[in-house]
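> According to TrEMBL, the active site, proton donor annotation covers H42. What TrEMBL lists as ATP binding site is 35-42, 152-155, L181, 189-192. TrEMBL lists Q66 with the feature beta-alanine binding site. According to TrEMBL, the feature (R)-pantoate binding site maps to Q66, Q158.
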Amino acid sequence: MEVIQSVALLRSTLQQKKSGIGASLKAPVGFVPTMGYLHEGHLSLIKAAREASEIVVLSIFVNPLQFGPTEDLDRYPRDTERDLKLAEEAGVDIVFLPQVEEMYPGPVKTTVSVSGITSVLCGASRPVHFDGVTTVVAKLLNIVQPDKAFFGLKDAQQVAVVSQMVQDLNMNVDIVACPILREEDGLAMSSRNVFLSKDEREQALVLSRSLKAAEAWVREHASFRAEDLRGAVKAVIEEAPLADIDYVEVLTYPQLEQPEAVEAGVPVRLIVALAVKFGATRLIDNTILTLGK
Ligand SMILES: Nc1ncnc2c1ncn2[C@@H]1O[C@H](COP(=O)(O)OP(=O)(O)OP(=O)(O)O)[C@@H](O)[C@H]1O
Ligand SMILES: CC(C)(CO)[C@@H](O)C(=O)[O-]
Ligand code: BAL
């Protein structure tokens, strides 16, 4: 495994590796962008990339542009040594590990912005977040030029936003959405879980429980108003005294619009998405429901 910090060296190394690939049904280059502090969720993306591609590139970069001034950039967890060990074990070929100065050598003058779907959910709570994400993902895709890029559905809005950007800007890459990996007790894996106290960790189980409740609720209601489903999910979360709800929303996916009343037999895909703070730690989770089929 090669660990590369500069854009120029990454480009020449990839060019050399690509010229050595023989005929194959796999994609030449699969790419997994991350902010590091790797867990099984990240490893599942690497596994998907490994299975689909000849060369697997992993990036580890905590992107300052996607954090607001009062957010947790400074305390975002980092452990590069451990990340590199896990990446090697998972079969990564190249780790791109740039410093901030390599990605942003001077003041940022060009940004990429997707409108509409970025103004709801996390975009409403984190106003600068998605411009930071699309700008850095556009840069990373330009640098790595992968055939496929793998993103987790834990960040389902991010998948929708990046897919929209790739479509609108005619970027030549397949965005592959991968399922959410959970701890055995249901908590969605996240680098930020490390910040939870014992009580917060225990009470955070209401998140996955509320989404399971949503799945059961729609099995019992063939026709319903999204607001009633939202109320049912909120009620479960409110059982946890430490849960401070940022949002609970039921929207169409991937359009992220308010749904009409859901009618039995009418196909619709909904996302139940939530962001909840436990102490200083903000967690997100979601489930996507395919109804009426
Ligand atoms: N539990 C998970 N299952 C599947 N994919 C995941 C999971 N957690 C993160 N990912 C994906 O890994 C990629 C990198 O995410 P990131 O490095 O921000 O990790 P993270 O655990 O989501 O961190 P945090 O939520 O604390 O920001 C993203 O595409 C994200 O959706
Ligand atoms: C896609 C990403 C690596 C961009 O910084 C980040 O938003 C993440 O880890 O999900
Ligand atoms: N996976 C989302 C990265 C962030 O919270 O900034």
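Glycine is treated like the rest: Cβ placed from N, Cα and C.
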> Give the distance between the Cα atoms of S191 (ATP binding site) and the residue listed as 'active site, proton donor', rounded to the nearest whole Å.
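So the alpha carbons of S191 (ATP binding site) and the residue listed as 'active site, proton donor' sit roughly 10 Å from each other.
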> Is any of G41, H42, S191 (recorded positions) within Cβ reach of ligand 2, i.e. under 6 A, and which?
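Checking each Cβ against ligand 2, none of them comes under 6 Å.
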> Which binding-site residues out of M35, L38, Q66, L181 lie by ligand 1, going by a Cβ under 6 Å?
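So the answer is M35, L181.
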> How long is the line from the C-alpha of Q158 ((R)-pantoate binding site) to the C-alpha of L38 (ATP binding site), rounded to the nearest angstrom?
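Pair distance, Cα basis, whole Å: 18 Å.
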> Among all the protein chains here, how many other CB atoms are within 10 A of the CB of Q158 ((R)-pantoate binding site)?
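A 10 Å sphere around the Cβ of Q158 ((R)-pantoate binding site) contains 22 other Cβ atoms.
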> Go through the recorded positions H42, L153, L181, S191 and pull out the ones with a Cβ less than 6 angstroms from some atom of ligand 3.
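Near the molecule: none at all.
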> Give the sequence-ordered list of residues that share a chain with H42 (active site, proton donor), lie 6 or more positions from it, and have CB atoms under 8 Å from its CB.
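Within the chain, H42 (active site, proton donor) has Cβ neighbours under 8 Å at V32, T34, G152.
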> Within 10 Å of the Cβ of M35 (ATP binding site), how many other Cβ atoms are there?
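A count of 17.
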> Check L38 (ATP binding site) against DSSP and tell me helix, strand or coil, would you?
coil
> Show which residues of the chain containing L181 (ATP binding site), separated from it by at least 6 in sequence, have their CB under 8 Å from its CB.
H39, E40, G41, S44, G152, K154, A188, M189
